[in-house]
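See below for the structure under consideration.
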């Protein structure tokens, strides 16, 4: 699919333009500079034509900190790979040295560029005071738009499509491929989620720095591994609710993380092996389990653990004790930074997804039920007649009983264990239970 990149200095309205073109609020929009840190992408569909649109972080002329430096580095690398660039400038304030510096880079990169003047609600003032100086950037006639007020966006999209087709790119809409495994990478801030994301993709796509909170928008990427399609999503770090101020960028980011979990098939829960398992790690795992998503747990930064060769059993025991509610998850010890065991993470994702989509025959369930009930004492008066699997993603089982009121948590634990031990292990997948009264 053709790729169109939105670039520009901070706060010229790139994310607002992105949201309007993809027709959904996907990129975070705030008045604060530098809100978008990781590239955010989605598909634009226009009268049977489609292309991928990518919103990038604002490019600072002279980045003053490691995050800004990384933001600029990621954006400049993506410019070189794009089919077309939308260079967005402020149509109210005119051009600055930052605009001129970015324009110089775009010209040297020899990438096809459309100059977009945003915030041109007052078109007459724009044409009189700002438009003449835009020609000096070297990209010809600018397209004036107001992303916030949906002005001239149709002209912009039609220009994009014409430019892409002139390059011989195929923009015809194709049926959506739905067989991709959707994987969300989640965890506390600074546990190495973006490093793992980049290690899987074998390229720097998400920002990586030692400063917690570097990732704000979920970053997604399609990738084929051994002929299988995946969509990986790197998410922002989740802190405790009490530590997150309301109506802030971080609060919006947390909503996006939960949304990414709900859209995923498999969630990779990343832990920092140098810090063990915290209460917040448990909360995140509980969120994944309650949302009914398959899961893989990874202890990252294993290379930094002292005497690690002798401590696998210790950490495995810790996992079983603290993550008892998701102890069906494969546990992998990795170093994302050094590339250790990344292949095992992929294998675990495949295993979890296979479990998540498995459906077992009713005969196997009821055979196991009869066998185990022969030597099991149920609560007085409770009878379990038979069961069947009624759904996948997650595997969901319906049991017919004489009294739903007598089904308490111990009976649910018993039935899940019966299924895993005697029918199918469902490694990496939660099991949901439903009950129906029967005589």
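Every residue gets a Cβ built from N, Cα and C, even glycine.
If you look up Swiss-Prot, you'll see 2-168 marked as domain 'EngA-type G 1'.
Positions annotated as GTP 1 binding site by Swiss-Prot, on the basis of sequence analysis: 8-15, 55-59, 118-121. Using a 10 Å Cβ-Cβ cutoff, residue 11 (GTP 1 binding site) registers 16 neighbours. Residue 11 (GTP 1 binding site) falls outside any helix or strand according to DSSP and counts as coil.
As annotated by Swiss-Prot, domain 'EngA-type G 2' applies to 181-357.
Secondary structure at residue 190 (GTP 2 binding site), taken from DSSP and collapsed to helix, strand or coil, is coil. The annotation GTP 2 binding site is assigned in Swiss-Prot to 187-194, 234-238, 300-303.
The domain 'KH-like' feature in Swiss-Prot is assigned to 358-439. Applying DSSP to the domain 'KH-like' (358-439) sorts its residues as follows: 29 helix, 20 strand, 33 coil.
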For residue 120 (GTP 1 binding site), which of the binding-site residues 187, 190, 193, 235, 302 has the nearest Cα in space?
235
Checking your reading of the structure: which of the binding-site residues 8, 11, 14, 56 lie inside a 10 Å Cα sphere centred on residue 190 (GTP 2 binding site)?
none
Within 10 Å of its Cβ, which one of these binding-site residues (8, 187) has the largest number of other Cβ atoms?
187
What's the CA to CA span in angstrom from residue 56 (GTP 1 binding site) over to residue 235 (GTP 2 binding site)?
16
